[in-house]
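Residues or ranges marked as transmembrane segment by Swiss-Prot on the basis of sequence analysis: 17-37, 47-67, 82-102, 115-135, 152-172, 174-194.
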Amino acid sequence: MGAGHSHDHPGGNERSLKIALALTGTFLIAEVVGGVMTKSLALISDAAHMLTDTVALAIALAAIAIAKRPADKKRTFGYYRFEILAAAFNALLLFGVAIYILYEAYLRLKSPPQIESTGMFVVAVLGLIINLISMRMLSSGQSSSLNVKGAYLEVWSDLLGSVGVIAGAIIIRFTGWAWVDSAIAVLIGLWVLPRTWFLLKSSLNVLLEGVPDDVDLAEVEKQILATPGVKSFHDLHIWALTSGKASLTVHVVNDTAVNPEMEVLPELKQMLADKFDITHVTIQFELAPCEQADAAQHFNASPALVGSKSLAAGGN
């Protein structure tokens, strides 16, 4: 019996993402050239950050395109994990770039080169404008799409990097302190590293089928036991195919006095959808725990368990 399901379909955000990607990608090239010409490590480090923005935007676009592909006999879950693999690659790339920037900044702090502050300022201001336009393009979709929200946050963080480079250019222009450029690069690198770790950690959690970060497992267990007609449960598993697509399977021992399919199942479905936004659910009902049940994963609402017959009710 189906326990109900819903699948999110990609929204109409392709146009905004394509425009933001075109703007960011074009300016990325200009910023690298500007960083080399002005000898500004801060500009180059900001360009490295903008590279990750470009990759993030490309991932968001690819995810929308790939999500439209139906599941097939080879990949019955579809192609959602592509987004997670790409995010993990993006995190590793960003980590390597950040380490290189910190190392290069260390070398430059010992012997600061002459910085062309005017060119550095102009390029950084252009970057700020590009980021503001990209944020405006993505703002309407970031509240309804996790893909777009991720890209929006990437652009937002790069905007902060542009502000830092502008501040550095002004300081160098009026003080001549060339070391400020390397100091700004260090700050950008230190800003990027924690984000890299969180992105990699979240990606690995999905790939290892861990409980999604936004789901409180203890609260799910509590709410299942609080559902009328549930005596106990075991083998509860919660994971995500990709961000925002949580799935749940569980074996529920029901009270013999209730009809699980007609009374308990609708309550569990509604509770999981309303409280935890989990709509991809498979539930197996039993009158007693199955022999394969893991005692460590068995949770009782009542000490009395009777019967041996089991029936299943699932959904996707």
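Cβ atoms are placed via backbone N, Cα and C, with glycine included.
Of the two recorded stretches, the transmembrane segment (152-172) lies close to the transmembrane segment (47-67), with three or more CB pairs under 8 Å once pairs fewer than 6 apart in sequence are set aside. The largest share of C-beta pairs under 8 angstroms with the transmembrane segment (115-135) comes from 17-37, of the ranges 17-37, 82-102, 174-194. Among the listed stretches 17-37, 47-67, 174-194, the one sharing the most Cβ pairs under 8 Å with the transmembrane segment (82-102) is 47-67.
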